[in-house]
Amino acid sequence: MADRSHERWGSQLEYLLSCLGYAVGIGNIWRFPYLCYRNGGGAFLIPYFLTLVICGIPLVYLETTLGQFASAGCISIFNINPLFKGAGYAVILVNIIATTYFAAIMSFPLLYIYHSFTSPLPWQSCGNTWNTDRCSELTGNSTSAIGSTGAVTTPEDEFFHIRLLQMSPSINEIGGIVWPLFCCNLICWVCVYLCICGGVKSVGKIVYFTVLFPYVVLFALFIRGVTLPGAGQGILYFILPDWSQLKNPKVWADAATQIFYSLGPGWGGLVSMASFNRFHYDNLRSSIIIPIVNSGTSIWAGFVVFSVLGFAAERAGVPVSQVATAGPGLAFITYPAAVTLMPAPNFWAITFFVMLFFLGIDTMFVTIEAVITGLLDEYPKLHRRRKLITLMTCLILFSISTICNTKAGLHIIGLLDSHVAIACVPIVCIMELVAAVYTYGQDKLRTDVLFMTGRPLRRFWLILWRYVLPVVAGYSLREASGIAGWCVALASVVCIPIFAAKTIYMSRGPVLQRIKENCRANALWGPRRRPKSARSGIHFAKKNCTCP
């Protein structure tokens, strides 16, 4: 492998902010608050924080440890068990699929920012050329929810689906390109390329603004939200515990799934970011800080969102449950509807959508960097052409993402978002656990961690990695729906058996011997520049690695 030891974070704060930008995203705003209130309010925090401790933090610690120790991306990290290297290619593919639709989602806030400079806000009333006869404005005597009820739609709903997206009836009717979305998508990709073309040196500087600015905006929205009439009603609806929900297994499953997917293990981003750390950096503290800040942000965002929803419910004369939604509907229909009821609605609309954009763009930085780092580490000759590889990657992903800029774009986004990671990510995490703790061996792992950080690896982590996390990861696997859903879910997973079969086929000897040989860490596993002291304390060579 090529030596890329010169590629390091300017400071460990840059690493921490990059990981926070990766973990904290738009899901903290539009998924967690709804999930919390639906699953028992404050009672949901019990399984949520329990899962954070036994699943979230240990997974982040394991991935950052492996990435930092080997200075390797998501493919080369499986030099610890070459038979599993197909999981690294699966991660590349799942990131490519996810980035294509996520970039399209990021074009939505840009369009809203543009239209938020119009006064009055264009989604504020029904008297526009795009509105239908079913459009009904939200008033104090309203008896319907904010959004569409089937018989009646609101101006916010029609603005989003008809004016902005020009949405087709189904995914089977692709339609043409929606050019405003296309242009905003292009702007997103230009921003991404300019920010990541210099590698971690440029990303490390950009995150000081892109990560911290959304927190400033979130604080401003929090202060404004809690001072609105009806805010208390919304917040109580969010946190009031329903202890009976703890008896429902689905609540515990939702908590595990939320922790599992919100932090980003199994996606390659954490491994990639950690690979640029100094070798002797003690990554345990940051591995605890990142999940805790991510979860704290989710809870804080819940207060921000439900304070505004409580205000909207009071003004509309409806229960909070009728205005509480999840997903894009919350960000692009419900919240804009609530903003129109505030004083200075244009200012708060711009503020909210700027925050959404920066929350999402951070995630794109690290996701694409994970793809590029993974490929460059596995094919080191490409390092000399990093900027060209970055440009080509962005151009290819932009070209693919234009399918989500069509009139069926939201249907495609829904299909990809609900299926792309349901099989691949849990399986990759399980394979990481098996490779590190079982085939490589916990004794070697403890020795490596002690040498790298100077801190002994506690038995607590090994117990979680060996016995608890494989069960939780397996429990996070979900069933796909429909043929299209199964195709999306399995598109990346097929890399795993294909590469394993290829590896076994290209080896020599009986089949069982081939499998055993390829379960051992190869000669490429270990630090890129091995200190002299490593020779006596660390097992780097393939001949010294044994399968239990």
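Numbers here mean position along the shown chain, with the first residue as 1.
Backbone N, Cα and C define each Cβ position, glycine as well.
For reference, TrEMBL has these:
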TRANSMEM  12-30  transmembrane segment
BINDING   Gly21, Ala23, Val24, Asn28, Ser262, Asn294, Leu359, Asp362  Na(+) binding site
TRANSMEM  42-61  transmembrane segment
TRANSMEM  91-114  transmembrane segment
DISULFID  Cys126-Cys135  disulfide bond
TRANSMEM  177-200  transmembrane segment
TRANSMEM  212-239  transmembrane segment
TRANSMEM  288-313  transmembrane segment
TRANSMEM  347-376  transmembrane segment
TRANSMEM  388-408  transmembrane segment
TRANSMEM  420-440  transmembrane segment
TRANSMEM  460-477  transmembrane segment
TRANSMEM  483-505  transmembrane segment
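Projection of TrEMBL feature records onto the structure.
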residue	record	Cβ within 10 Å
Gly21	Na(+) binding site	27
Ala23	Na(+) binding site	26
Val24	Na(+) binding site	27
Asn28	Na(+) binding site	24
Cys126	disulfide bond	18
Cys135	disulfide bond	20
Ser262	Na(+) binding site	22
Asn294	Na(+) binding site	25
Leu359	Na(+) binding site	27
Asp362	Na(+) binding site	26
Inter-residue C-alpha distance, Leu359 (Na(+) binding site) and Cys126 (disulfide bond) (nearest angstrom): 31
Whether the transmembrane segment (177-200) meets the transmembrane segment (212-239): three or more C-beta pairs under 8 angstroms: no
Between Cys126 (disulfide bond) and Gly21 (Na(+) binding site), the C-alpha gap once rounded to whole angstrom: 38
Residue pair Val24 (Na(+) binding site), Cys135 (disulfide bond) - Cα distance, angstrom, rounded: 35
Distal contacts, the transmembrane segment (347-376) - CB-CB under 8 A, six or more residues away: 4, 18-19, 21-22, 24-26, 28-29, 73-76, 88, 91-92, 95-96, 98-99, 102-103, 105-106, 109-110, 112-113, 116-117, 121, 188, 191-192, 195-196, 199-200, 203, 206-207, 210-211, 213-214, 217-218, 220-221, 224, 267-269, 271-273, 275, 331, 335-336, 339, 382-383, 386, 389-390, 393-394, 397
Selection from 12-30, 42-61, 388-408, 483-505, the stretch that has most Cβ pairs under 8 A to the transmembrane segment (420-440): 483-505
Inter-residue Cα distance where the pair is Cys135 (disulfide bond) and Gly21 (Na(+) binding site), in Å: 38
Sequence-remote partners of the transmembrane segment (460-477) [C-beta within less than 8 Å, at least six residues beyond its ends]: 51, 54-55, 58-59, 61-62, 253, 256-257, 260-261, 422-423, 425-427, 429-430, 433-434, 436-438, 442, 445-446
Winner by Cβ pairs under 8 Å against the transmembrane segment (288-313), considering only 12-30, 212-239, 388-408: 212-239
Cα distance (Å, whole number) from Cys135 (disulfide bond) to Asn28 (Na(+) binding site): 30
